[in-house]
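These come from Swiss-Prot:
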type	residues	note
BINDING	HIS55, HIS57, HIS132, ASP151	Zn(2+) 1 binding site
BINDING	ASP59, HIS60, ASP151, HIS192	Zn(2+) 2 binding site
Amino acid sequence: MNIEIIPVTAFQQNCSLIWDDEKNAAIIDPGGEAERLIQRIEELDLNLKVLLLTHGHLDHVGAAMQLKQHFGVEIWGSNEKDKFLFESLPEQAQRFGLPNIDAFLPDRWFNQEGEILKLDGFNFEILHLPGHTPGHIGFIEHEKKVAFTGDVLFQGGIGRTDFPRGDYETLISSIRTKLLPLNDDIIIIAGHGSYTTIGQEKRSNPFLNSKS
């Protein structure tokens with residue numbers, strides 16, 4: 001698996017461009033700067049197959065429709081419990097003082113816990129990781145030891161829960177019951193900031209080691 005992390009917009013959201021040896025590609029969480037992403041995909045001569053979304057916040061989906069229209073591909077994800085966020089994208093943009101983004105819905109929801117998504121060269125287990133948003137999901141590639149987990153678990157931190165329908169206890173439960181049981185050597189590609197590993201966060205993440 002080839003992975004290129006492209007931080008986009010003022011939010012510095014980690015857009016993950018992944019591709020196999022045959023140059024079949026997917027993008028996870030294209031949060032913005034569509035022209036830049038298009039240019040990079042074309043520079044690498046990749047065959048973009050699908051757009052994957054972990055959740056419905058604007059900074060993770062902002063370029064999805066432009067990429068869909070340019071490349072003629074579908075948008076898949078998140079869990080349908082985030083539908084209200086996709087429907088409220090114009091309000092999200094207004095709240096942050098950003099140019100308008102039209103509401104849209106993904107072509108496919110991932111509502112089945114543990115579903116295996118088979119793409120060219122990749123096999124992702126879909127985990128429902130609510131807390132940051134109610135429909136947040138993660139894409140886990142066990143064989144290649146990498147997990148794309150959006151805004152759930154960060155290096156030394158966790159996702160915010162002060163957005164609509166966020167819930168701290170639910171987020172902590174998602175991390176403890178879904179992510180921490182993964183192998184320690186699995187690399188976490190978070191929605192913002194540096195990558196980390198499951199083992200590192202088990203040992204040193206203050207939000208997970210607190211006795212409170």
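Using the three backbone atoms N, Cα and C, a Cβ is placed for every residue, glycine included.
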Any further residue of that chain within 8 Å (Cβ to the Cβ centroid of HIS55, HIS57, HIS132, ASP151) of the recorded Zn(2+) 1 site:
THR54, GLY56, HIS60, THR133, HIS136, GLY150, VAL152, GLY159, PHE163, GLY191
Round to the nearest Å and give the CA-to-CA distance linking HIS57 (Zn(2+) 1 binding site) with HIS192 (Zn(2+) 2 binding site).
13
From the Cα of HIS192 (Zn(2+) 2 binding site) across to the Cα of HIS55 (Zn(2+) 1 binding site), what is the distance in angstrom?
14
Highest Cβ count within 10 Å among the binding-site residues ASP59, ASP151: which residue is it?
ASP151
Three-state secondary structure of HIS60 (Zn(2+) 2 binding site) from DSSP?
helix
Name them in sequence order: residues not among ASP59, HIS60, ASP151, HIS192 whose Cβ is within 8 Å of the mean position of the Cβ atoms defining the Zn(2+) 2 site.
PHE11, GLN13, ASN14, ASP29, GLY31, HIS55, HIS57, GLY150, GLY191
To the nearest Å, how far is the Cα of ASP151 (Zn(2+) 1 binding site) from the Cα of ASP59 (Zn(2+) 2 binding site)?
11
Three-class DSSP secondary structure - ASP151 (Zn(2+) 1 binding site):
coil
Packing count at HIS132 (Zn(2+) 1 binding site) (other Cβ atoms within 10 Å of its Cβ):
29
Cα of HIS132 (Zn(2+) 1 binding site) to Cα of HIS60 (Zn(2+) 2 binding site): how many Å, rounded?
13
Fewest other Cβ atoms within 10 Å: which of the binding-site residues HIS55, HIS57, HIS60, HIS192 wins that one? Let me know.
HIS192
